[in-house]
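**Q** I have a structure I would like to understand better, so I am pasting it below and will then ask my questions one at a time.
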Amino acid sequence: MNKKAIFFDRDGVLNEDDGYVHSMDQLRWVKGAREAAGRLTKEGWLLFVVTNQSGVARGYYGEEDVVRLHQAMNEEFGKYGGRITEFFYCPHLPGAPVSRYDKVCSCRKPEPGMILKALSKYGLDRNRCFLFGDGERDIEAARRAGIQGFLFPGGNLDTFIRKVLPPIKD
């Protein structure tokens, strides 16, 4: 239980939040995101993505598109020496037009379900886990999961992480 991990929101942190991004041709990387993933992986951090994907519930794209995009993103991170251990996504939305996704769940942020699942599945130490998000719902999900969250204001992600991440001994 001494594993350290970084959780990232996806849209607005790793890639620009251009609205319902679901393919690599739509994706624009946040500056420093790939470099941060590479550096953190090399430093022994497990990396996770926790992302609300209401576009699935709205019928804009399918879960297979989300999975395909995440695989392609991980391939790109690999070019920088980075690796996302697992991508967690929530396809649910109360009142969704696609009925099977119309529900209140424990995974849609600010609920902490995706983070709690990773903590349990990978035996992570909450005191050695941090989340980087671009919205209050991300920070609230981190708080509810018992980990520290940082609100990313934009700019270079790697520079921001270097500035705020506390030193962690292995």
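Just so you know, glycine gets a Cβ as well, placed from its N, Cα and C.
TrEMBL entries are annotated by machine, without manual review.
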**Q** According to TrEMBL, D9, D11 bind Mg(2+); which one of D134, D158 is listed for that same site?
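**A** It is D134, as the record lists it for that site.
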**Q** Fewest other C-beta atoms within 10 angstroms of its own C-beta: which of the recorded sites R108, K109 fits that?
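**A** Each of the recorded sites R108, K109 was scored by Cβ atoms within 10 Å; lowest is R108.
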**Q** Out of C90, C105, which has the highest number of nearby Cβ atoms, where nearby means within 10 Å of its Cβ, if these are the binding-site residues?
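**A** It comes out as C90.
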**Q** Other Cβ atoms within 10 Å is the metric here; tell me which of the recorded positions D9, D11, D134 scores highest.
**A** D9
**Q** Tell me the Cα distance separating D11 (active site, nucleophile) from C105 (Zn(2+) binding site), rounded to the nearest angstrom.
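**A** Cα of C105 (Zn(2+) binding site) to Cα of D11 (active site, nucleophile) measures 20 Å after rounding.
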**Q** Here are some binding-site residues: H92, C107. Which one has the most Cβ atoms within 10 Å of its Cβ?
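**A** It comes out as H92.
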